[in-house]
Every structure is written in C-alpha cells, then in structure tokens.
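K.L.:
Got these off Swiss-Prot a minute ago, pasting:
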DOMAIN    1-50  domain 'ClpX-type ZB'
BINDING   Cys9, Cys12, Cys31, Cys34  Zn(2+) binding site
BINDING   Pro118, Thr119, Gly120, Ser121, Gly122, Lys123, Thr124, Leu125  ATP binding site
Amino acid sequence: MTKEKELHCSFCGKEQKEVDKLIAGTSGYICNECIELCHDMLANADDIEEIDEEFQEEEPKLPTPHEIRAHLDDYVIGQDYAKKVLAVAVYNHYKRLRSEKNTSEVELGKSNILLIGPTGSGKTLLAQTLARMLNVPFAMADATTLTEAGYVGEDVENVLQKLLQNCDYDIEKAQQGIIYIDEIDKITRKSENPSITRDVSGEGVQQALLKLVEGTVASIPPQGGRKHPQQEMLRVDTSKILFICGGAFAGLDKIIEKRTNTGGKGIGFGADVRIDEEKVSLTELFKQVEPDDLMKFGLIPEFIGRLPVIAPLSELDEEALVKILTEPKNALTKQYQVLFSLENIELEFTQEALIAMAKKALARKTGARGLRSIVETLLLDTMYDLPSIENLQKVIVEEETVTENKAPVLKFNS
C-alpha cells in the first residue's frame, strides 16, 4: 500500500499539517509563515532604500572660513588678509548654492573674486588649493590668450570646455567648479574712453567674459568638438561656477596713491615729505582700491561689478621666500628630498643656501614662482650623475653652491 504524498511548502518544506494555511501556485505551494516572513523582508528593504536615499541626498559638511583658512596655511605662506577674504567669499558662495535648493524669496548675489598681487605672490596656488580642498573641478586660463568669438585665438567658452574635461563632462559637477583666469590685468582697454575701433585683446575680451562671469547658460559642444548647427550641445549654467580672476596690476598703486595722496610726493614747504620706512606698503594700498581706480586702470565698469570681492596679496620678502622653500606640506626642498630618497640618498640644504636662493629670487623679481627654476639649476648636474654614482650617501647644498655655482658637497659611505 503506497502512502499518499503530503502537500508541503516549496520554500520552508513544512507539511500542510504543520502550518495554518498552504496556498497553491502554478507549480508549488507557500505557507502562511513564509508569506509573513517575505512581507517583513520587503518592508525592511523599503526602509533600507529610504535610508540609502537620505544618505545619498545628504551633502558633505561645508568647511567653515576658519577651516578653509587653516588648510590654505598648510600650502601657502603669508598672505593672511587675502586668505581671510578668500575663505569668507568661498564659504558664502557654496552656502549660496546650497540655499538655492531651498525655496527663498531673497536671491543671494554671486561673489566672484579678484586677486591683486605681484608675480609669484601665490595667486594661482591659492585658487588651486581651494579647489583641491573642496574637491571640486578646477580649470585655469590665461586671459592674454583669449579673444572674442570670431577672432583668431582661444574662445572664452573654451574655459568651460576645460572645466568639463576635468570632470569627465559631468555637468552637475562642473557647475560646482572653480575657474581661475590669470593675467586679467593684461586685457584692460587702452584708455578710459570707449574706442570706436575694435580692441580684440582688451575691452572686447572683457565683454566676452562678462556674460560667463555674471552667469549665463552656455552651450558647449560635447567632448571638445567644434560647434555646428545640427550638434546637440551641453548646457552649462555659469551662475553656479565660482570665477577667480588674478593679475599683478602694475601701476595700479600709483593710481590709488594719487587719489588718496599717500605717495609722499611734492616739492616746496607745503609738500608731504615721507621717509621710505613710512611709505605705505603695496598691500595696504591695494586694500584701499575702489572701482574707480580699476576703471582708470582699464577694466570696464560692468566687469568690475561682477568681481565684488577683492583680495590683495603682498610682495614676498626674503623671510617669506625661505619659509616657502621649507615649510608648506609640498615645499620645494621636501619635493627634491623625496626625489633623492628614491635613490636612497639624503639631500640637505643649509640655512645659508636657503637665504641665498631667496635673495636670488628677489633679485630676479619672480617671487616664489622663480624658486623652482633656481633649485632645478643648482641640482641639475647632480641629478644627471646621481644614478651612476656608487656609495653616495648624502648631498649638501651650501651657500657657495648658490652664489658661486660650486657643485654641492657629496658624502659617501665609508
């Protein structure tokens, strides 16, 4: 006699008599206990998805101005006033972007930044360090290479193309980015009065940059192609991009001195006589800059209005240049010491050598920018021979290496 086959749950294997209900399907059965278990699992899955969505929507914490300033201190020596101005402006810019996601009756204005300071004072480094800290795309352009659309040269919209390239053409990321335009003082118009003739590399470029800096929806060809009528364009909202413009503005100090009467010039008994020590520093003068001064220099009023935050940088003295060589996280001397350590060789710079290098950079009037070429020249022959020299333990750069072009001192393993 064959035993009648008992019905059982296809999932847990329990027989019909062990459960309250057994529901039949086309090719199997499921019990009430398994149904309840599946229900709980689905409910938990919904909760997990909601948590995931909330987690994804939560933005990373925006660093405070104090935190931004502290990070800049790690990489840039001096320029305390400029760092403070930048920290506040950058914090307010990204706070503004986040506030746009919430409905607000008050529209917050865009605060682009103008950096004014001598060559090699750290303008580019400040902008690069900010972008790296905030983990946002960064693009840099030289204003002297830009021209209006239709002229030979680099179209101003190419700057946006570079920004998109640096974030793999992710438009949302690009719109959180920073664009630094260097040598902005080189595109000033030749006189205060508007010219009848076209000024291709001056006022015309300012006009072309105006819309981008102010905020517009620019059409950019994908993957760096050329524009043509049938092409589908990428649309980038530049009102969300932070623009930082920088320049040396040589001669602007004279314009400010003339307006504020701080130059100490004059003849006769009523003249304002000053000794050199009392002369107002370049940084203090630039802190007093007004839109009218920039107009006299050659920037158009509309362009000045789009750069409301002005951060002046000071000239670097000998002490600052020595610190730049040794103190920042990526200081030049540290970089070359790492290079030499890859060959298991120690590299040392004497204090006198560091001072001599700083003096040489000051004499060349290249600021911090000229330090790398000085160090590279000093170590060129040594680096050329380095892989071929056996038992070399240490290389010492002394003052004579800098001032008299003597070879660095080599020490060998005994």
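Yeah, the Cβs are placed from backbone N, Cα and C, and that goes for glycine too.
Note that this is a predicted model, so its numbers are computed, not measured.
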K.L.:
Can you tell me how many other Cβ atoms are located within 10 Å of the Cβ belonging to Cys34 (Zn(2+) binding site)?
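P.N.:
Taking every protein chain into account, the count is 18.
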K.L.:
Counting Cβ atoms within 10 Å across all protein chains shown, which of the binding-site residues Pro118, Gly120, Gly122 comes out on top?
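P.N.:
By the 10 Å Cβ neighbour count, Gly122 comes out on top.
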K.L.:
Would you mind reading off the Cα separation of Gly122 (ATP binding site) from Cys34 (Zn(2+) binding site), to the nearest angstrom?
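P.N.:
One finds 68 Å between the Cα atoms of these residues.
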K.L.:
Taking 8 Å from the centroid of the Cβ atoms of Pro118, Thr119, Gly120, Ser121, Gly122, Lys123, Thr124, Leu125 as the cut-off, which other residues in that chain fall inside it around the ATP site?
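P.N.:
Once Pro118, Thr119, Gly120, Ser121, Gly122, Lys123, Thr124, Leu125 are set aside, the remaining close residues are Gly117, Gly246, Leu313, Gly367, Ala368, Arg369.
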K.L.:
Counting other Cβ atoms within 10 Å of each Cβ, which of the binding-site residues Cys9, Cys12, Cys31, Leu125 scores lowest?
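P.N.:
The binding-site residues Cys9, Cys12, Cys31, Leu125 were compared, and Cys12 has the fewest Cβ atoms within 10 Å.
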K.L.:
Using the centroid of the Cβ atoms of Cys9, Cys12, Cys31, Cys34 as reference, list every other same-chain residue with Cβ within 8 Å of it (recorded Zn(2+) site), in sequence order.
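P.N.:
After dropping the recorded site residues, what remains is Ser10, Phe11, Gly13, Lys14, Val19, Leu22, Tyr29, Ile30, Asn32, Glu33, Ile35.
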K.L.:
Could you check what DSSP calls Gly122 (ATP binding site) once collapsed to helix, strand or coil?
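P.N.:
SS state of Gly122 (ATP binding site) = coil.
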K.L.:
Translate the DSSP assignment of Cys31 (Zn(2+) binding site) into the three-state scheme.
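P.N.:
Where Cys31 (Zn(2+) binding site) sits, the three-state DSSP reduction gives strand.
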K.L.:
Give the number of CB atoms, excluding that of Ser121 (ATP binding site) itself, located within 10 Å of its CB.
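P.N.:
Cβ-Cβ neighbours of Ser121 (ATP binding site) within 10 Å number 28.
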